[in-house]
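Peer 1: Grabbed the feature section from TrEMBL, which reads as follows:
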{"type": "DOMAIN", "residues": "235-362", "note": "domain 'Guanylate cyclase'"}
{"type": "TRANSMEM", "residues": "33-52", "note": "transmembrane segment"}
{"type": "TRANSMEM", "residues": "89-107", "note": "transmembrane segment"}
{"type": "TRANSMEM", "residues": "137-156", "note": "transmembrane segment"}
{"type": "TRANSMEM", "residues": "168-193", "note": "transmembrane segment"}
Amino acid sequence: MPLRNKPYKMPGFVRTAIEAGTGGYSQLDRQRLVVVNIVGYLAAFSSLNYAATYASYDYAKLWPLVYGNIGSALLTASAPLLHRFGPLAAMFFLILVIYSSVYFFVSYLGHEAGIQLNYIGAAAVTLVVCGRRFLPYAGVAAVLAAILHMIAWFKYPEPRADLQLEDWFVASLYAFSVISIMAIIFVVVFYAFHLVRKAQNLTDALLLNIMPAEIADRLKTSPGKTIADQYQDASVIFADLTGFTQITTALGPDKTVALLDDLFSRFDALAIQHNVEKIKTIGDAYMAVAGIPTPNPDHGKNITKMAVEFLQAAKTVSDNHGVDFSLRIGIASGPVMAGIIGQSKFSYDVWGQTVNLAARLEPQGQPGSILIDDHLYDQIKDSFAFKGALKLGLKGLGRVTAWQLDTDNQKI
């Protein structure tokens, strides 16, 4: 199931027209009012076509229908002006105008012209306009439409006697009624699907910001199912700013956020470039993992290359913002567990001794240093230069061997 299908993008002038009068409402109400506007415009267009048809056939006989349709068009096209009176005002106004004008036209032309079919289309469109929030109103509108349709059908079987309309003209009116109703329903439903796709793409984008695409697909497919996986070999990185307290004091909140946004945005781009999955930021710390959820035999090399470029990115950001800071980075490789946790503000996270080791290595280094564990060293020792081994006593892990990357003398 693709996650990045783009919704249809409509021209700017069309968007301006259909969004008229919707300012100041919530996003959900704006979407519904846009549908109301679309219905009003389409109804106006249909009415003007009817008016032109009647005028060209026999203006002298059908002038009440000509002006009736012109009046109906002006009223339905004015729907955006009514949004100022409340979220339901324009919808009720359209129902009143359309239902009453359709009844008037059927009384002139009889049911053979098919004008009463507009009641069926109006009921269907009202359901789309109301949605679940105002579903009772849609039910009332549908019942009223059914009653008026049946009254019009039985009360007006023939055109008015003084009209003497030709059979082909009545048949053409029926065909036009069917076509116009289907067109209006199609456009309204198409826009409704456009809104659904737009909302789906937004949901997908939010999910992809907090978890890998594969995990997002699983979450969408089985939303109630626990997602927990064991990976035998992955690499975890923790990168932390040095002197962050002094930075926040010197810069203040706005500039501090701007600096972190600049830095972590660069980190995000590097993570994508090196096929590394960002897990989260914790204050001024950045956590990521390579080799999950899709296994990658080069996860160790990838995450180490990324770490070197993290230092370069930090130097650039430090110079750009006029603040002196650096990074300490810890990386460890080994088995990890990963999964979705939480019901509210859920997140994708990783756990295990490998994660703990990377987190413990990070603060042991000097500013601008990268420390890696023994397991990762065995994987990448032929591809990177090192300054030597360190024996460290780490809380909860005991004595471990760590290796400091020689960032100034790389073999790559």
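Glycine is treated like the rest: Cβ placed from N, Cα and C.
Remember, TrEMBL labels are computer predictions, not curated facts.
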Peer 1: Cβ pairs under 8 Å only, please: of the recorded stretches 89-107, 137-156, 168-193, which one is richest in them relative to the transmembrane segment (33-52)?
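Peer 2: It is 168-193 that shares the most Cβ pairs under 8 Å with the transmembrane segment (33-52).
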Peer 1: At a C-beta cut-off of under 8 Å, are there same-chain residues at least 6 beyond the transmembrane segment (89-107) that contact it? List them, or none.
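Peer 2: Distant Cβ neighbours of the transmembrane segment (89-107) are 21, 33, 36-37, 39-40, 43, 47, 50, 65, 68-69, 71-72, 75-76, 79-80, 82-83, 113, 115-116, 118-119, 122, 126, 129-130, 137, 141, 144-145, 148, 151-152, 155-156, 160.
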Peer 1: With Cβ-Cβ distances below 8 Å as the criterion, list the same-chain residues six or more beyond the ends of the transmembrane segment (137-156) that contact it, or say none.
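Peer 2: Contacts with the transmembrane segment (137-156): 88, 91, 95, 99, 102-103, 106-107, 109-111, 115-117, 119-120, 122-123, 126-127, 129-130.
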Peer 1: Tell me, what is the mean pLDDT of the domain 'Guanylate cyclase' (235-362)?
Peer 2: 89
Peer 1: DSSP helix, strand and coil counts for the domain 'Guanylate cyclase' (235-362)?
Peer 2: 63 helix, 39 strand, 26 coil
